[in-house]
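These come from TrEMBL:
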TRANSMEM  B:21-40  transmembrane segment
TRANSMEM  B:248-277  transmembrane segment
DOMAIN    B:255-373  domain 'ABC3 transporter permease C-terminal'
TRANSMEM  B:297-323  transmembrane segment
TRANSMEM  B:343-365  transmembrane segment
DOMAIN    B:420-626  domain 'MacB-like periplasmic core'
TRANSMEM  B:422-441  transmembrane segment
TRANSMEM  B:649-672  transmembrane segment
DOMAIN    B:654-774  domain 'ABC3 transporter permease C-terminal'
TRANSMEM  B:693-717  transmembrane segment
TRANSMEM  B:747-767  transmembrane segment
Amino acid sequence: MPAPAATSSFAAMTSEDSTGQVVVRLDALRKEYGDTTALDGVTLQIRSGEAVAVMGPSGCGKSTMLNMIAGLDRPTSGTVTVHGEELGRLGETGLALFRRKRIGMIFQFFNLLDDLPALDNVALAGQLTGIPARQSRRRALELLDELGIADRRNIYPAALSGGERQRVAVARALMNRPALLLADEPTGALDSSAGEQVMDLLLDLNQIGQTLLLVTHDQGLATRCATRLVELADGRVAGERTLERAA
Amino acid sequence: MSAVWRTARAAVRRRRLQTTVIGLVVLFSTATIVVALGLLDASSAPFERAFAAQRGAHVVAAFDGTRVGTADLTRTAEIPGVEAVAGPFAQVVLDIPADGAAHSFLSGPVTVVGRADPGGAVDRIDLWAGRWATGPGEIVLNAVPPPPGRPSPFPLHEKISISGRAAFTVVGYAYSLTQTATAWVSPEQAAALRPTSIQMLYRFTAAATEREIDAGMAAVTGELPSDALVAAQSYLVVKQAAAAGPGVYVPFLMAFGVLGLVTAILIVGNVVSGAVVSGFRHIGILKALGFSPRQVLAVYLVMVCVPGGVGCVLGTVLGNLAAEPLLGNAYQGLGFNPGDSGVPVWVDVVTLLGIPAIVVLAALVPALRAHRLSAAEAISAGSASRAGRGLRIQRWLSGTRLPRSVSLGLGLPFARPGRTTLTMAAVVLGVTTVTFATGLASTVTGYADATDGNDTVGVRANPPGSELETPSSLTESQIEALLRSLPGTSRVTVNLDLEFSLVGSTQPVRVIFLHGDVGTQGYPDQLVDGRWMSRPGEAVVPSKLLRERGLAVGDRITLELDGRQGAVTVVGETMEGPPGPPGILADRQTLAELAPDRQLANHQFLFQVQLASGADVQGYLAAVRAADPGLYAFDNAGTDSFSVAVVSLAATLTLMLGTVTALGVFNTVVLNTRERRRDLGMLKSIGMTPRQVTVMMVTSMAALGAVGGLLGIPLGMLAHRFIVPLVADAAQIGVARMLLHVWQPEVLGMLALAGVVIAVVGAFIPARSAARLSIAKVLHNE
């Protein structure tokens with residue numbers, strides 16, 4: 001199934017941040033798990049409209065950093081500021097509301113609810129914010145339509161292909177027009193064809209202004225979708241460079 | 001085998017919460033089962049148990065001391081077939097006048113036996129208050145002890161005067177199940193009373209039937225003078241008489257026992273099978289590692305049997321501890337005092353063998369299913385996609401206007417229909433028990449209130465001629481007026497009890513003439529059939545008396561007193577009348593028609609006083625005595641032992657079953673949380689707040705609780721409707737409408753909430769823990 005092309009209507013799915021503002025600011029971020037140091041003084045900024053890929057070997061702290069930015073985990077020291085909000089000041093409920101409004105997440109294993117069909121999986125994110133069911137479903141259907149899987153809306157996740165599941169996950173992540181889209185190995189569980197489709201999709205989203213943070217092992221994904229590459233090693237930023245997107 | 005043991009041990013350690021839940025559920029369920037089986041045992045053989053504990057006499061025999069000597073009687077112990085004897089004891093019948101023991105239950109002819117001590121090979125009397133009579137003028141009275149923890153209603157050191165004989169001081173109260181005497185004195189004191197007969201108590205090696213007892217007695221009397229035996233009473237007669245009273249209690253005990261048993265077994269099955277089902281993925285991994293299906297089975301059986309075994313042993317201990325006071329109360333309610341009211345050994349044996357068997361069986365069914373699955377199938381079983389009606393319901397719920405956390409929660413039970421059904425069954429049984437217990441408590445207290453004379457204070461005038469008490473000079477109407485004038489008096493009914501001849505019957509009949517606030521003091525509430533009397537010449541008769549005398553509502557009966565006959569019409573059937581043997585209830589005006597010339601003394605009347613709400617009973621009693629020292633006022637407000645026993649049983653078993661049910665729900669939520677860790681992590685990652693997670697998980701169980709409540713309430717009401725008439729029938733009483741109509745809308749509303757409360761309480765802690773799940777860990781572990 002071909003990936004959808006970026007269109008003007010597709011742009012309406014994403015947040016309306018102006019380009020250039022700092023969306024994510026990490027200051028001396030440190031995270032320890034017992035005796036293990038996962039992040040060791042990471043300082044980083046991500047601006048609105050950027051697509052940043054974080055790469056590095058296993059255990060270098062990529063996913064830990066992503067979790068900190070999403071407010072899924074708390075740092076041992078240092079600060080995480082997203083969209084002007086310092087996450088360390090928020091309680092669990094505050095973090096949940098923050099994720100709901102500001103963050104969209106895509107996981108390697110999709111993390112869809114098996115009990116709900118594609119449409120309701122997407123609509124769920126809207127309903128949690130209090131949008132009525134009918135309205136949520138309408139927007140979910142628009143998203144699925146833009147992502148090219150509207151005809152699969154009533155299918156349960158178990159009966160969808162990997163690529164379709166990841167597109168449902170992307171649609172769900174976009175449901176509340178997040179300021180920042182986080183993707184943790186989004187093509188890691190997909191075959192090459194489905195992976196290509198997801199890469200195209202992420203590229204399209206970034207091209208219409210969606211700020212993107214990718215955590216990946218996949219050099220191809222990084223060079224294709226990202227505008228900047230951050231390399232982590234042993235919990236530290238080992239290198240940083242601007243990327244020219246592959247054609 | 002070591003690999004199996006090591007793996008099982010590691011699994012038990014790793015699943016601490018699940019292991020603890022299994023252990024706790026088995027513990028409380030076992031305790032409930034021990035109590036339930038103890039109750040069933042108490043209800044099935046209470047007399048036998050108490051009889052064995054006291055080594056009751058198979059035959060209580062009285063011999064003529066002028067015809068046979070004590071040496072001859074002692075030798076009867078050696079006769080083949082005689083297992084044990086007690087005696088010879090000197091026996092005398094004393095006639096205690098009505099004023100001889102004005103403040104106790106004792107009056108009329110009483111059998112007094114001289115015994116040196118309460119022990120012996122036969123009839124080991126339970127001396128439950130005071131001490132044994134050892135000196136002259138000391139007496140021990142035979143009375144059923146009060147329930148554990150309750151004070152004795154009978155005073156020690158009471159004086160009993162017997163005209164022309166002696167005055168005694170009560171030094172103790174004791175209880176003989178086979179009623180070998182009304183009172184006991186020392187042998188020397190008995191000799192001084194000029195005994196009329198010699199008592200011998202026999203136990204035979206064979207005494208199951210009347211024929212065997214007759215054979216035993218024939219052997220005993222075979223070598224004695226033919227007319228030496230004056231009287232002999234078989235224990236079977238006592239047993240039969242006891243059965244009518246305890247019969248009231250038996251269905252209550254059985255109903256509670258069965259409910260407890262079923263609920264506890266269901267929940268153990270639910271928890272254990274749920275633990276195995278939730279481990280399917282682990283089973284698949286074990287198989288993939290090379291464990292044989294049999295080894296996997298063994299691992300899982302060990303995993304559930306370790307906490308199950310510990311829970312079973314501890315539960316048996318707890319059940320024994322809980323049952324002792326409970327069974328003590330139950331036996332008291334039955335009118336027995338078995339001494340040791342502990343759980344019989346067979347209950348412990350059955351529990352210690354049966355509960356582990358249930359645990360193994362509950363684990364075996366899903367484990368065998370896992371045994372048949374391939375490794376890949378087992379690994380995917382926990383996360384396999386589901387289809388069907390459950391998913392359609394969830395989809396429908398997602399389109400409703402309910403908050404999403406609520407609609408998701410409502411849909412959760414449909415994901416695991418088997419587990420949901422078992423949990424629901426447990427909740428239904430829990431609510432059924434609570435409903436039944438509530439109705440029963442209302443019925444029993446209503447029954448006790450209705451049959452307790454409907455008063456809080458009873459007042460009598462001291463009889464004239466008593467050396468112990470000052471008589472009252474007031475007339476009946478003056479006493480009534482005095483009582484009405486005292487602060488705290490709400491209602492007064494005056495009760496006069498006379499014995500009439502019933503024309504056409506050889507036995508006299510008791511007639512109770514009432515006047516005063518009869519209509520508002522609860523008497524008409526006891527009506528079973530017909531109507532309350534509205535004019536002179538009408539009577540209302542208790543069910544038991546109607547049956548005994550073959551009467552029916554509408555019959556006209558002729559009564560005779562002082563040589564004068566009069567007729568009354570039976571217009572209604574009532575459950576029971578005032579305290580004492582059942583009697584015909586009639587209006588006081590009827591007495592004027594039946595016996596206009598009858599001279600009545602003030603001490604013949606009982607004044608039943610109902611106090612105003614909040615009035616101080618003890619203060620009122622003092623006020624009566626101060627107003628007229630010739631009046632004796634007594635507190636009649638206490639709940640009887642039967643009510644105490646049933647209500648305490650209801651409360652304890654309801655609490656235990658409620659705990660077990662809540663633990664079952666707790667376990668279901670724990671398992672659901674574990675299974676849905678990934679889903680919960682995902683929901684939190686897209687912005688579900690901890691509160692919404694808690695609401696979702698609690699809602700999933702509250703829905704079960706609500707449905708369980710709606711199903712359990714009618715079941716509990718049905719059980720009540722079915723069992724109360726059974727009880728009434730056993731006790732030969734009709735069922736008053738008020739005893740069945742105990743359900744008020746507000747009570748039903750509270751009961752409907754009971755299921756929700758049980759479910760919410762059980763779900764809250766695991767739901768909170770689900771809300772605190774670390775999203776990063778959960779999602780990363782995938």
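Placed from the backbone N, Cα and C atoms, the Cβ positions cover glycine too.
Automated prediction, rather than curation, is the source of TrEMBL annotations.
Panel annotation: around the transmembrane segment (B:343-365), residues 26, 29-30, 33-35, 37-38, 41, 49, 265, 268-273, 275-276, 297, 300-301, 304-305, 308-309, 312-313, 315-316, 319-320, 323-324, 327 of the same chain, lying at least six beyond its termini, place a Cβ under 8 Å from a Cβ of the stretch. Counting Cβ pairs under 8 Å to the transmembrane segment (B:747-767), the top-ranked stretch among B:21-40, B:297-323, B:649-672, B:693-717 is B:693-717. In this model, the domain 'ABC3 transporter permease C-terminal' (B:255-373) carries an average pLDDT of 76.
Sequence-distant contacts of the transmembrane segment (B:21-40) (same chain, at least 6 residues past either end, Cβ-Cβ under 8 Å): 253-254, 256-261, 263-265, 267-268, 271-272, 275, 304, 307-308, 310-312, 314-316, 318-320, 322-323, 326-327, 330, 343-344, 347-348, 350-351, 354-355, 359, 649, 652-653, 656-657, 659-660, 663-664, 666-667, 670.
DSSP places the residues of the domain 'ABC3 transporter permease C-terminal' (B:654-774) in helix, strand and coil in these numbers: 103 helix, 0 strand, 18 coil.
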